[in-house]
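Below is one structure; the comments refer to it alone.
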Amino acid sequence: GTETADASGCCKICKPKSVCKVDSKRTIIKVNNCISAEPVNVTSCAGHCRSSSMYSAAANMMMHHCECCHEAKTSMKQVQLTCADGSKVQHSYTHVENCRCRQEGCAASTTTKPQRRRGR
């Protein structure tokens with residue numbers, strides 16, 4: 001990522017780059033009692049994207065920003081499967097062409113607001 005100094009100039013901080021890319025695995029596709037004759041490239045999205053959880057004095061609460069690695073473009077592929085009884089069937093599956101970071105809603109926080117003490 002990028003290395004910079006913090007606001008005071010005292011310490012170095014690192015902001016990791018977003019890395020969201022297509023991951024590919026060769027695997028035998030199995031559906032019911034049918035399997036592909038040879039391994040097929042099955043793609044997915046993998047990596048990390050920007051996320052943060054920061055206190056906002058103006059809102060007096062934690063502000064969350066979440067991004068997840070998602071498919072941006074897909075296509076349908078077909079593979080022929082051979083079944084246990086010797087019959088053959090066509091199976092369609094989703095092939096990921098490319099991926100990108102996409103903003104998501106963050107899960108509700110379980111952090112509670114600090115309690116103020118009453119003076120006596």
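From the backbone N, Cα and C atoms, a Cβ is placed for every residue, glycine too.
Just so you know, TrEMBL annotations never went through curation; they're auto-generated.
According to TrEMBL, the cysteine that forms a disulfide bond with C99, out of C11, C14, C34, C45, is C45. In TrEMBL, C49 is paired through a disulphide bond with C101, chosen from C10, C101. Candidates considered were C34, C66, C68, C106. The record in TrEMBL pairs C83 in a disulfide bond with C34.
Cα to Cα, C49 (disulfide bond) and C99 (disulfide bond) are separated by 11 Å.
Taken residue by residue, the domain 'CTCK' (14-107) breaks down under DSSP into 0 helix, 71 strand, 23 coil.
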